[in-house]
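J.: The structure is given below, and queries will be raised subsequently.
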Number of protein chains: 2
Amino acid sequence: MVGMRGAYGCCTNGGNSNESQQPPVGGGGGGVGVAGAAAVEIAALAVHKVSPPPAQSTASKMKARVKETFFPDDPFRSFKGQPLGVKWLMAVKYLFPILEWVPGYSFSLFKSDLVAGLTIASLAIPQGISYAKLASLPPIIGLYSSFVPPMVYAVLGSSRDLAVGPVSIASLIMGSMLRQAVSPSAEPLLFLQLAFTSTFFAGLVQASLGILRLGFIIDFMSKATLVGFMAGAAIIVSLQQLKALLGIVHFTTEMGLVPVMASVIHHTNEWSWQTILMGAFFLVLLLLARHVSMKWPKLFWISACAPLACVIISTLLVFLFKGQKHGISIIGQLKCGLNRPSWDKLLFDPTYLGLTVKTGLITGIISLTEGVAVGRTFASLKDYQVDGNKEMMAIGLMNIVGSCTSCYVTTGAFSRSAVNHNAGCKTAMSNVIMALTVMVTLLFLMPLFVYTPNVVLGAIIIAAVIGLIDIPAVYHIWKMDKMDFLVCVCAFAGVIFISVQEGLAIAVGISIFRVLLQITRPKMMIQGNIKGTDIYRNLHQYKEAQRVPGFLILTVEAPINFANTNYLNERIKRWIEEESYTGNKQSELHFLILDLSAVPAIDTSGIAFLIDIKKQTEKRGLELILVNPTGEVMEKIQRANDAHDHFKSDCLYLTTGEAVASLSAFSKMITP
Amino acid sequence: MVGMRGAYGCCTNGGNSNESQQPPVGGGGGGVGVAGAAAVEIAALAVHKVSPPPAQSTASKMKARVKETFFPDDPFRSFKGQPLGVKWLMAVKYLFPILEWVPGYSFSLFKSDLVAGLTIASLAIPQGISYAKLASLPPIIGLYSSFVPPMVYAVLGSSRDLAVGPVSIASLIMGSMLRQAVSPSAEPLLFLQLAFTSTFFAGLVQASLGILRLGFIIDFMSKATLVGFMAGAAIIVSLQQLKALLGIVHFTTEMGLVPVMASVIHHTNEWSWQTILMGAFFLVLLLLARHVSMKWPKLFWISACAPLACVIISTLLVFLFKGQKHGISIIGQLKCGLNRPSWDKLLFDPTYLGLTVKTGLITGIISLTEGVAVGRTFASLKDYQVDGNKEMMAIGLMNIVGSCTSCYVTTGAFSRSAVNHNAGCKTAMSNVIMALTVMVTLLFLMPLFVYTPNVVLGAIIIAAVIGLIDIPAVYHIWKMDKMDFLVCVCAFAGVIFISVQEGLAIAVGISIFRVLLQITRPKMMIQGNIKGTDIYRNLHQYKEAQRVPGFLILTVEAPINFANTNYLNERIKRWIEEESYTGNKQSELHFLILDLSAVPAIDTSGIAFLIDIKKQTEKRGLELILVNPTGEVMEKIQRANDAHDHFKSDCLYLTTGEAVASLSAFSKMITP
């Protein structure tokens, strides 16, 4: 009798398909059809077979999986079928993207790049000096870092909009981590050595991630994490500027909100009104410029030139009124000259190796996240491709070269890249222009910075990082997803109250835990039939869906694996029991249908769970039906069948509709 | 024009449903139908609406999610609607499962329990002594631990088959972790204090996991991890027995395979042939008994009584031939008497607090995993319910009480529970019988163990743990899932080459990493139409499925979140590009259909990804269609629409079949 039914009975005659689509036969009453009529009905039912995927060897499956994991973008797909010479040329072009655009470079492109390059240089010079101070490094290191790395990036990088240089968050983290071990004022040379070594390791980490194609590591920092982290970091950075803005001399070396505010309040006697006045004036000026540029994007050059203008005006003011004698601290003498080699300063001493590796790892990953995200954003705006892993190699090499030429960690900065983009840059040439401008500054203009007050640098930093606090994004996250909002708030609170690194770690941990929880407690839904069709959908979501008497139709929406088999087992048991409680003879349960369409994978525990459920349902007189197992699941069901025929062909169906139609016709036939 | 199409156009007239199921209209040719005919066709198409789930407040959604996460089994569902008195009674019964079976306890049940209890006692006494030695504790602690905890469990536990007492792996881990800090021979009292304190923390961890309903933590130890871990631990335990079996006096305190083998080889001069002879004889005897019982399950009592028989015979042999004078080491004098209170020995000194908490945590979780798994296995065999979280509370309380009464960590042992089950136990009374037998031994029979040789204890441990090496399970895992096999091998190798704890951590880490990788690189499949139906399935799996010209139909089989949006984005771009390469005008792509049936959840990054894909497809002149978004996804799409109408009703369909039918009819109409 069982042989009559069965999903393996292939019947793809098109003429039958209309018949197969009819609404399922309700289990109610039972007196409607007689056995003979039901038998005719079964013959007319088109039941489709569940196929396993074509057999593949373990090796070829492994190869496919490795390819999907590490080469999802198939970077060499255009190489296929090309002659060897062309392949070589393509490989060189792949490694040096500069070769893509240099041959077709024209004067009109150059004009655009020149304007953009000069614009970002006017931002890069004051920001370079400021960010170096944020990292407790000599100001000139910030300018060195705006000279060599942009040149290297222009050769290796594939983004056309990225403006390379030091950035606020990486500077902040590097400074705070290194200060825990070495005082920059007591041992300036050692501190510098540690900074270069950390930069070297940051570059090594970045390039390795790219070469090993592990770029997806940075994907674990979600949007929500980044929004919270950036906002927290912006506040920490701004708090640090209170030293310069208030003219405090004895400032705390800690970073948290509480110690900094305590330090500010305890040193009211050191506040200098001249400094505060000057700081407030330039801060308002910069924020005003920012506001204007945001309101009228065409006036982007106002905020782009404002920092340099502030530096020039404030320097003149200090010079004219001898501000340094009225409590305004100034940068002081800076040496002229280009970057000196620093490979002899790399320090691989075991005492500090742990610290530099850790600092390199964290600053490397953070700055990589920023650089790659910025590159992708502008590539998507201008509709060209940026290969994440290749970008990582470029940024990594740039930092390795940087660490040997007196630069600290650099990446593509969001604010400067936006200015670069708005200023109409066309290629990475704008970075070269910027670097050359910085070079001219380094060679000839350094003495002009002697009287630049530190307070204006603080104002420049605050005006730059204020843009990292993205209130609309926070509101959007709150509206979309409360868990994401929690992650965001944890990152923010962790950064401002605990520490920058720990705040980040907590947020990443919560994000991953949330993903694991989704697997551990997967969604299971009861499905019902949408009247007049053979479509089955979630009863909770579709009010028009109706339970089919005699059937319990469940969907599982997650891979079935060790982390959730116990849960699924208990949950299904409970559902069956709740169904049995009703005690209504007419709606007595006969079939448990598990729709596996949304189960992408199953492991050994999962197969054991299916077998266990089958045994349990049999004990209760129910029949277990599996619907639409996907490739991997079907393959494993087959392998389980090799040992013992657990899942016969008559408990596998391609669609819920076919299963219900076929089974109700069959049960009508045997219980007329 | 667009308004004519649209999934929101609800049309659930049953009469149309047959029409709606017809095979999709192929995009080829184009000259067949004219616009007018197509318009008629559209009118006849039944297109179903995609509903969002009913609106719910954040609080009620949170409540539902918390309930699913922590109370998936809804333990109090039978309380509903009962009068208050009954509720109280049920609550007391819930907390003390003994009240469930004591009122109906009969003499025939007692007879069965008596036999089972005496049988497991004959195992528990020699194993208790042996496992205590494995943990470097005085042998009598092993007997104490077989007296109090089983009594406590009989009152609190809900499993009828669990035989409670010390187990090999927890003993091994406790011993090895505490020995790292304190030498059991130099400072025996301190070592004992640390053992009791660790047991206290183990109980605290176990009970807390149960009370906080965090029982799913132990689910993260997959079958594969456990198989590998158990096998590795069995080998480590057996290696430790080489000391007793070979009669070596100066044995290494390390656990790894390499140091133990080195120690064995370097101390060949200490090998004692009398010990080796005796050990080999009893080991063969025990393994033979085990073999007989496995072949003929009815003879289970042979292996159950063999250890006690070996102890008796070997003790007699030593006593008669004065073996202790021929290099055979013996247990020595043991004091008579029951457990003494030990709460004054609990040591919360900060010096050792970290160690005891860590030891408690690891042994607690490991022994919990064993106990709960054993309870579930036998509950499923006899078809009764074991509530995992309640079991954790019972085991936890049992260990807390144990730590105050000179017991170390105990749980339900697999081998003894199997014997208990085979001996026909009916209720937890068999544990009480066993405890009473141990009590008699403690009170009167201790002097008899003076001459028991250590070598026979070693043989008993080896014979017991050999069953933990489950070769058929390893083969099964290899056959089912290569990644699971890798996890299993890592756990095994980690345990025998690195350390027990680290091996476990590595295996759990790989298991979790694998789950994360499945999310980071979700499966995406191209779907095709199964001819003559409106069913769409994976092209790779179903050879009979055919591409629909003009459509790219993709399924995503994972939640769309921060961890995979970049991947999905790149992968979809590549697919569209590969499609465009073909350059065949006839099969030119017009629609990208994303089937979201298997996407259980989406986060902020995921919504941003959908919006981004929509923009990209628009740039390429494609239309993005979303099919069957599940409840949560639909809800978030709606919320995204609140701000900006990204996904209009005409790009949402309930099934791929309806989408293809409706869109091909429509495109035929506008391009006749």
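Quick reminder: no glycine exception, Cβ is built from N, Cα and C everywhere.
Just so you know, TrEMBL annotations never went through curation; they're auto-generated.
Relevant sequence annotations retrieved from TrEMBL are reproduced here:
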- B:541-663: domain 'STAS' (DOMAIN)
- B:189-209: transmembrane segment (TRANSMEM)
- B:215-237: transmembrane segment (TRANSMEM)
- B:244-265: transmembrane segment (TRANSMEM)
- B:271-288: transmembrane segment (TRANSMEM)
- B:300-321: transmembrane segment (TRANSMEM)
- B:392-411: transmembrane segment (TRANSMEM)
- B:432-450: transmembrane segment (TRANSMEM)
- B:456-478: transmembrane segment (TRANSMEM)
- B:485-517: transmembrane segment (TRANSMEM)
J.: For a three-state summary based on DSSP, what are the helix, strand and coil counts in the domain 'STAS' (B:541-663)?
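T.: DSSP classes over the domain 'STAS' (B:541-663) add up to 57 helix, 22 strand, 44 coil.
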J.: Could you tell me what the rest of the chain brings near the transmembrane segment (B:189-209), counting residues at least six beyond its ends with Cβ under 8 Å?
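T.: Tertiary neighbours of the transmembrane segment (B:189-209) are 135-138, 141, 174, 177-178, 181-183, 215, 217-218, 342, 345-348, 352, 355-357, 359-361, 363-365, 367-368, 389, 392-393, 395-404, 406-409.
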J.: Within this structure, do the transmembrane segment (B:456-478) and the transmembrane segment (B:271-288) have 3 or more Cβ pairs under 8 angstroms, counting pairs 6 or more apart in sequence?
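T.: Between the transmembrane segment (B:456-478) and the transmembrane segment (B:271-288), which are separate recorded stretches, there is contact, as judged by 3 or more close Cβ pairs.
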J.: List, by number or range, the same-chain residues at least 6 past the transmembrane segment (B:485-517) whose CB is under 8 A from its CB atoms?
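T.: Sequence-remote neighbours of the transmembrane segment (B:485-517) are 169, 172-173, 176-177, 220-222, 224-229, 231-233, 235-236, 255-258, 362, 366, 474, 477-478, 563.
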J.: Considering only Cβ pairs within less than 8 angstroms, which of the stretches B:244-265, B:300-321, B:456-478 has the most against the transmembrane segment (B:432-450)?
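T.: When the Cβ pairs under 8 Å are tallied, B:300-321 comes out ahead.
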J.: Which stretch, B:215-237, B:244-265, B:300-321, tops the Cβ pairs under 8 Å count with the transmembrane segment (B:456-478)?
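T.: Out of the listed stretches, B:215-237 contacts the transmembrane segment (B:456-478) most.
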J.: Within the domain 'STAS' (B:541-663) only, compute the mean pLDDT.
T.: 85
J.: Can you tell me which parts of the same chain pack against the transmembrane segment (B:244-265), counting only residues 6+ beyond its ends and a CB-CB cutoff under 8 A?
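T.: Apart from its flanks, the transmembrane segment (B:244-265) reaches 172, 176, 179, 183, 235-236, 271-272, 274-276, 279-280, 283, 327-329, 454-455, 457-459, 462, 496-500.
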